[in-house]
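Peer 1: Below is the structure I would like to discuss, written out as structure tokens.
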Amino acid sequence: MDMEEKPKYGEPRKFDPSFKGPIQNRGCTDIVCCIIFIIAILGYLAVGILAWTHGDPRKVIYPTDSMGQFCGQGKLEKQPFLFYFNMMKCASPMVLLEFQCPTPQVCVQTCPNRTMTLITAISKPQDWEYYKSYCKEDPGHKAAAQILKEKLCPAYLVSSNPFLQRCFPSMGKKGEVITVGDQEKFSDGVNVLDAKDLMAGMKNASIVMEGRQVAMKIFEDYTKSWYWILICLLIAVVLSLIFIVLLRFLAGVMVWVMILMVVAVIAYGIAHCSIKYVSLKDTPGSNITLQQLGFQPDFAVYLHIRQTWLAFIIILAILELIIILLLIFLRNRIRVAVELMKEASRAIGYVMSSLVFPIFTFFLLAIVIAFWGVNAVFLSTSSEPVYKVFNETECVHSRETCNPENFTSSSMKSDCPHSQCLFAFYGGETPYHKYLILLQFYNVFLFFWCANFVTALGQMTLAGAFASYYWAFDKSKDMPAFPLCASLGRSLRYHTGSLAFGSLLLAIVQVIRVLLEYIDHKLKGAENKFAKFLLCCLKCCFWCLEKFIKFINRNAYIMVAIYGKNFCRSARDAFFLLMRNVVRVVVLDKVTDFILFLGKLLIVGLVGIFAFFFFSGQTDAFKGTAPSLHYYWVPILTVLVCSYLIAHGFFSVYAMCVDTLFLCFLEDLERNDGSAERPYLMSENLLNVLKKKNQAN
């Protein structure tokens, strides 16, 4: 007799009269992974202590002179500005590679406001006293030739202005002629130079600082607009709460209202962009392409180009078309999903504390992000000053490491008489500095692991609470008094290892994706098409793998919360259960996710429209109230991103509730048959949706 073939996706759940929801008598799961996670956390704290001991964030904030000292700090507190002896030396291409001009640099109290040479200043006592404040050290009574040979003082001073704590020549124009300090020409003590000779050096030095200038303007915009940003985010919170409450009582109506309002908001966006596109038709310069315009630090320039608004119209139109087509083809399934959301609304009504639980998760995530950020800053600034040989002409020792204290008597100086030993960058040769890159990698990896762990803890806690609701035959009597707290306690006490296991798998894939993005960035200029194709395939595969692991983890945590089994068994059971009901997974679960996404989109759209009209100053009602900003898109983008995160936090409760109830009623269908002995535990509405019914006793 042939042996009976086992089902491909396991046996359906059997009826168990003793099963009353999340099992109370359970043991610890995945203990080995729990121990590894605790050790990793202790190591993470050790890395933090090590970084805080060696790091110095001032290295990325303050300019550094040729000796590696911070301008405006310590004994140089009254000398906040960095002065370059010869700005024209900054025209070297090495400036863009090493971020260091091959000329002496000193910290000064103020930037020079006069133009003079060493030769003329040394003969006038009053001018000489002023001139010496821009020397590396007091030259005493040395002759001008000796001072220049030892590079104690600059050959000339040029009237300058401070920019990002650095002194740059005050460039101007008289007609078409470039001037410096209102002069077309100046002397360096030997030759008469044109003011334009300084431009190349200034250009390279300013390129290094241009990114910081944009960052400083953005920071300044935040200081002016943070109060209004918080108000916009408060509006997002209020809107999210209103939608959650309305979903509690008017789930069916609210779902269709959300859908129609999202369509309306996108339609308004298309109309607004079209009006802008047409209004710029006769504006001079508006017809140039984005490619011709190139990158501009002032992003408001792009809003005066017709092609920008055309791109917005196309993107919004495609999004609108996709949503409308999905609504047409999924209209029947949306009705089913509405009933599932109504059941989720009732579950949340019994576990009202779940609505504020995202705040707890957000708080833990904020701690993880802050710890990672502080560690990253301190690790990146824990190097020691490294000095290199700089020379204007070819030198055998060029870019070699040197010691400024004995450089003048070293063989390097004798081989290259015109060379200088200048501060180049921060590095180090100690064991700590040699393994610094590994510590930075560990910091990134633990960040992903801990962030995923916090997210997993939130998911398992909510799953346990909502499972308690579903499997309670009498909701008012059989549910625990504090289902959320009870579920959180079970998750931490018994399943820290399972949470760590699932989040570890996800962290590994995410770190690999980060490395692939880094490699892709490095190979952007490469011509090897096969390497690019292979890298693109790897990125696509790992993106899909990350999505799959997130899906499996989410359902595995639900099964762990209910049955208390280890991660692997729970993941297998959840996967098999879903595969045995694969059609229902698509019909109910994913359509519900789409509806919740539309809710997030609606909240972001409403808050984003308000933020746009407020910060752009295009509405008369806000002109006297809105702050004056360099880039008004900075607070708008911030509001959009944070509004989405806020909406996601509140709607994630609904999403987790739906996923949990979905798995529970799939098991309910397998365990029970609607008879008096084995009645379904789902609500009457769900029974009607699934065309099932309980028999009367």
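Here the Cβ of each residue, glycine as well, is placed from N, Cα and C on the backbone.
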Peer 1: Is LYS691 placed by Swiss-Prot on the same side of the membrane that CYS273 is on?
Peer 2: yes
Peer 1: Could you tell me which of these glycosylation sites, ASN287, ASN391, has the fewest other Cβ atoms within 10 Å of its Cβ?
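Peer 2: Comparing Cβ neighbour counts within 10 Å for the glycosylation sites ASN287, ASN391 gives ASN287.
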Peer 1: Considering only the recorded stretches 227-247, 250-270, 354-374, 499-519, state which has the highest number of Cβ pairs under 8 Å to the transmembrane segment (310-330).
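Peer 2: By Cβ pairs under 8 Å, 250-270 leads among 227-247, 250-270, 354-374, 499-519.
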Peer 1: Counting Cβ pairs under 8 Å to the transmembrane segment (594-614), which of 31-51, 227-247, 250-270, 499-519, 633-653 comes out on top?
Peer 2: 633-653
Peer 1: Quick check for the class: what is the C-alpha distance, in angstrom and rounded, between ASN287 (N-linked glycosylation site) and ASN391 (N-linked glycosylation site)?
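Peer 2: Given the Cα positions, ASN287 (N-linked glycosylation site) is 48 Å from ASN391 (N-linked glycosylation site).
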Peer 1: Measuring CB to CB from ASN406 (N-linked glycosylation site), give everything in the same chain under 8 Å that is also at least six residues away in sequence.
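Peer 2: Long-range Cβ contacts: none.
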Peer 1: Please work out the number of neighbouring Cβ atoms within 10 Å of the Cβ of ASN113 (N-linked glycosylation site), leaving out its own Cβ.
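Peer 2: Taking all protein chains shown, ASN113 (N-linked glycosylation site) has 12 Cβ neighbours within 10 Å.
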